[in-house]
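S.K.: Pasting a structure here, questions to come.
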Amino acid sequence: MEISSIWIKKLVWSLWVTRRELITNPQQRVFPKFGSMKAFSVINSTNPCLPNTHFLKVPIFHPFFKFNPFGHAANRAHKLPFTISCKLKSSQDVENKGKSVSQKIILSEASSPPLTEDDATNGDTGEVPQSSKKKKGGPFGLLNMLRRKTLQILSSLPLAIADMFAAAALMALGTIIEQGEAPDFYFQKYPEDDPVFGFFTWRWILALGFDHMFSSPVFLGVLALLGASLMACTYTTQLPLITVSRRWSFLHSAEAIRKQEFSESLPRASIQDVGTLLMGSGYEVFLKGPSLYAFKGLAGRLAPVGVHIALLLVMAGGTVSAAGSFRGSVTVPQGLNFVVGDVLVPSGFLSSPTEAFNTEIHVNRFYMDYYESGEVSQFYTDLSLRNMDGKEVMRKTISVNDPLRYGGITIYQTDWSISALQILKDNEGPYNLAMAPLQINGDKKLFGTFLPVGDINSPDVKGISMLARDLQSIVLYDKEGKFVGVRRPNSKLPINIDGSEIVIVDAIGSSGLDLKTDPGVPVVYAGFGALMITTCISYLSHSQIWALQDGTTVVIGGKTNRAKMEFPEEMNLLLDKVPEIVESTLSKQADSISG
């Protein structure tokens with residue numbers, strides 16, 4: 001039976017197109033499709049120029065093949081044998097010069113065998129041919145398409161950058177707008193008749209929750225979107241890069257190695273010597289026949305994933321702190337107590353009280369230290385913590401920058417005041433006179449009280465005024481407002497004012513305490529610690545090197561993701577150490593490789 005010349009030309013053209021693919025990786029290559037070929041298999045060849053020849057089984061549906069089957073003969077397979085000779089250039093052409101490769105290709109009408117898992121992939125790339133992909137429909141296919149589209153949108157770099165700028169802008173706005181104030185404060189500070197920038201009033205602040213910015217839905221939504229973007233980027237970009245970096249990818253073609261960022265040829269060299277030098281330089285080296293693959297700095301590939309995880313930890317911890325904490329402030333006079341749960345106020349929807357909220361705190365003593373100039377240098381509070389049974393479970397003296405921690409609750413020393421002045425009048429008492437803060441210019445504190453003299457029911461009552469800047473001394477004025485003198489508490493020195501003898505027994509201070517629970521702090525600290533470590537690790541270069549023993553020459557190439565300028569210098573220094581092999585050693589090595 002004659003075969004059309006056009007069909008033969010198509011076969012020859014297909015073999016010519018795949019010439020480079022056979023040279024690059026002769027172990028497993030696929031012929032390009034032409035006509036109606038649907039299956040292939042690989043058979044061994046003894047010719048060193050073409051280690052494997054591809055045997056094609058092709059059902060003949062081409063219009064040039066005219067068959068007129070009838071009866072039983074219609075079920076028979078018609079085989080059309082012919083021979084095609086070609087010559088393929090490879091690294092072994094020196095040894096096989098003048099030889100040609102001749103293989104028999106048999107065309108058949110029989111049905112093609114099913115593809116195996118190895119055949120379904122396209123060579124070393126691991127890609128699945130388009131014809132072997134199954135089209136999935138129905139709800140699962142729709143969900144899969146939506147998942148891919150969502151990941152594509154979330155992993156977009158412009159979206160991540162926009163999220164970061166939005167979060168930074170909201171945080172800056174949260175530092176400008178006063179946080180946690182009563183609504184009346186915002187009514188007065190941001191009135192509607194004088195809006196900021198012509199439109200920003202208290203309505204914007206209260207409607208968007210900017211009075212508690214870091215737990216507002218707007219801020220938490222931006223953080224959630226940024227976190228989703230980081231996770232999508234990690235899943236779609238970073239994790240596949242790690243998977244690819246961990247593969248031992250050998251290159252079997254000198255041409256592919258020369259296409260790397262750095263490449264060099266070493267005549268009269270041994271690939272084993274190259275591998276030994278690479279191991280001495282910290283590379284992980286793998287040998288497979290005449291091919292070599294080496295890498296180092298894989299941690300540099302893992303670090304970006306660690307950076308993303310650290311950022312997610314920081315954002316998660318910040319979210320828990322903003323929406324799951326309690327805060328409160330209290331000023332307690334010396335000798336009194338309070339219950340923790342009566343002071344703490346939840347800050348968000350994740351806030352949940354604990355058993356420690358039932359703890360009672362007693363202020364045993366409040367006192368201060370002073371500079372030589374008389375200014376307050378430090379103030380202290382001696383606290384006792386008692387459980388519901390009244391048993392003391394903890395006692396500590398706190399001060400500024402030295403808080404008390406118990407059951408997830410932190411108590412800070414933040415402020416002080418004078419609550420009362422204890423006096424004796426004409427040897428009667430003691431009387432406790434409440435002290436009130438007075439407004440003065442500057443940041444200085446001043447407290448005062450008043451002791452009536454005469455008829456206290458008179459509309460024009462007069463008395464003795466007592467002023468104090470701290471717990472060291474009390475300044476006294478008579479009912480006319482004239483200065484009388486200064487007395488120290490506990491000095492027991494009397495002073496006569498308007499016919500009354502006054503003794504200053506004591507000045508009772510009050511401790512200003514801030515209480516809070518913040519379950520997100522450990523997570524934030526862990527995230528920042530991991531962020532610093534992984535950021536440093538990410539600067540490590542991930543370098544890859546390939547080499548091939550091509551006769552007596554070693555072709556070597558490599559690339560790196562960082563330190564682009566230093567990598568060639570490092571390679572040149574390393575290759576300078578490769579020993580040159582003498583002629584007798586070369587012949588023995590060539591014999592061992594060919595054998």
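The backbone N, Cα and C atoms fix where each Cβ goes, and this holds for glycine too.
As annotated by TrEMBL, compositional bias 'Polar residues' applies to 122-131. For 159-419, 482-571, the entry in TrEMBL reads domain 'ResB-like'. As annotated by TrEMBL, region 'Disordered' applies to 112-136. Per TrEMBL, transmembrane segment is recorded for 153-177, 305-326.
I'd like to know what surrounds each of these features in this structure.
M.R.: Sequence-distant contacts of the transmembrane segment (153-177) (same chain, six or more residues past either end, CB-CB distance under 8 Å): 205, 210-211, 213-214, 218-219, 222-223, 225-226, 228-233, 235-237.
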S.K.: Give, as a single whole number between 0 and 100, the mean pLDDT over the domain 'ResB-like' (159-419).
M.R.: 91
S.K.: What are the helix, strand and coil residue counts for the domain 'ResB-like' (482-571) according to DSSP?
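M.R.: The counts are 23 helix, 42 strand, 25 coil.
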